[in-house]
Amino acid sequence: MSNYYYYYGGGRYDWLKTVEPTNFLKIGLPYQAHPLHLQHQTTTPPSILEKFKRADILLNEVKAEMDPLMLQPETEKKLFQILSSIDMFKGLRKKVEFTYNAQIVTNAWLKMYELLNTMNFNNTSQAFCNCELPGGFISAINHFNYTMMHYPTFNWVASSLYPSSETDALEDHYGLYQCNPDNWLMQSPLLKKNMDYNNGDVTIASNVKNLALRATQRLTPIHLYTADGGINVGHDYNKQEELNLKLHFGQALTGLLSLSKGGNMILKHYTLNHAFTLSLICVFSHFFEELYITKPTSSRPTNSETYIVGKNRLRLFTPKEEQVLLKRLEFFNDTPLVDLSLYQNLLESVYFAVETIHLKQQIEFLNFGMKCYRHFYNKIKLLNDYLAPKKKIFQDRWRVLNKLYVLEKKHKLKLCAASQGSVA
């Protein structure tokens, strides 16, 4: 049964469907009780990876239909206008900001709030948010903690990549860094001469170890670790997972080095077909009582974005595990971290997630987007008019399902409204 339903009956465009999944997608993965054996370099029987490679090919074939449109500025602009029109959350961000006194309401804010509301974490009152600017995750956690959990305080630390050039702007669009410098772990290039200088780059092993140390020195215990990192791949979406392997490993390792026992973790990923990504998920399965692959409804269904969620950390690293993983990051290669043949049941669950999120939902939406492009190339206003009534219904429903309440002024984050990206 399709995840989507028809809403415009009759007439020339009766094929139009809403672009909203009926549910928050959440696929559970089994906990692994057997010992974790990390390997610096290993091989995997091709049969284990065959269906993941096939899934990658199928998805990339559909993505490739958009590639010619990216080559010309005019067609690229039209395509993005169409994709923006079928974004069921367009307009919701402003409504949330003004109706609920919310701050930094980006799409990241919506996703994090939805994750918090759906995953039922035991405690989120102390958080380390990595790869964080401009600050949507922190703001959503702050809003959720005070309006839903009613914690007396919310304590947080954060980090983001600080540009290497002193002339480049830090993406501090809302002034969260500028007005809260003591909460941030990374440092300006002006401090390069310091022995423990750290620019927040989680692809550098020494940075990862240092960030985890700084986080735990400033905030203990850490109940929630989040990381929303992603490298801009331009138009090369077919290699999005591959190009982000090292970054996603680094942000995960930072979390596993800093998150307290009993804590929860949320990590951004894209497709989940590469052997290294699969092995990293296998590693996670040894540390959390519950592990999930998720796709919030507010995560645009035309993209490959997924979030891996770990609930209730059961144990910390052994010294040997920490040493092996840091060494792998320092001398990175993308062979699996573990012998994947030992994780057949878990990989079946991961593949079910791949089928559900990418082979069904994403492909259906990409095809829908291309059909809208062909039919509404010069009629974008007409498309918007058709979709507007259902967008309102869906956005109102989303607000009810996710239990939004007004944030009291005294609980708002300190922001510097004048900041537009650059920080002195």
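Cβ coordinates are placed from backbone N, Cα and C, and glycine is handled just like the others.
Taken straight from Swiss-Prot:
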- 103-315: domain 'Adrift-type SAM-dependent 2'-O-MTase' (DOMAIN)
- Gly135, Asp228: S-adenosyl-L-methionine binding site (BINDING)
- Lys268: active site, proton acceptor (ACT_SITE)
Taking the Cβ of the residue listed as 'active site, proton acceptor' as the centre, count every other Cβ atom within 10 Å, in any protein chain shown.
22
Work out how many Å separate Asp228 (S-adenosyl-L-methionine binding site) and Lys268 (active site, proton acceptor) at their Cα atoms, rounded off.
5
Pop the Cα-Cα gap between Lys268 (active site, proton acceptor) and Gly135 (S-adenosyl-L-methionine binding site) into the table, whole Å please.
15
Roughly where does the domain 'Adrift-type SAM-dependent 2'-O-MTase' (103-315) sit in mean pLDDT, to the nearest integer?
94
Mind giving me a neighbour count for Asp228 (S-adenosyl-L-methionine binding site)? Other Cβ atoms within 10 Å of its Cβ, every protein chain shown.
21
For Asp228 (S-adenosyl-L-methionine binding site), the three-state class that DSSP assigns:
coil
State the three-class DSSP label for Gly135 (S-adenosyl-L-methionine binding site), counting H, G and I as helix, E and B as strand, and everything else as coil.
coil
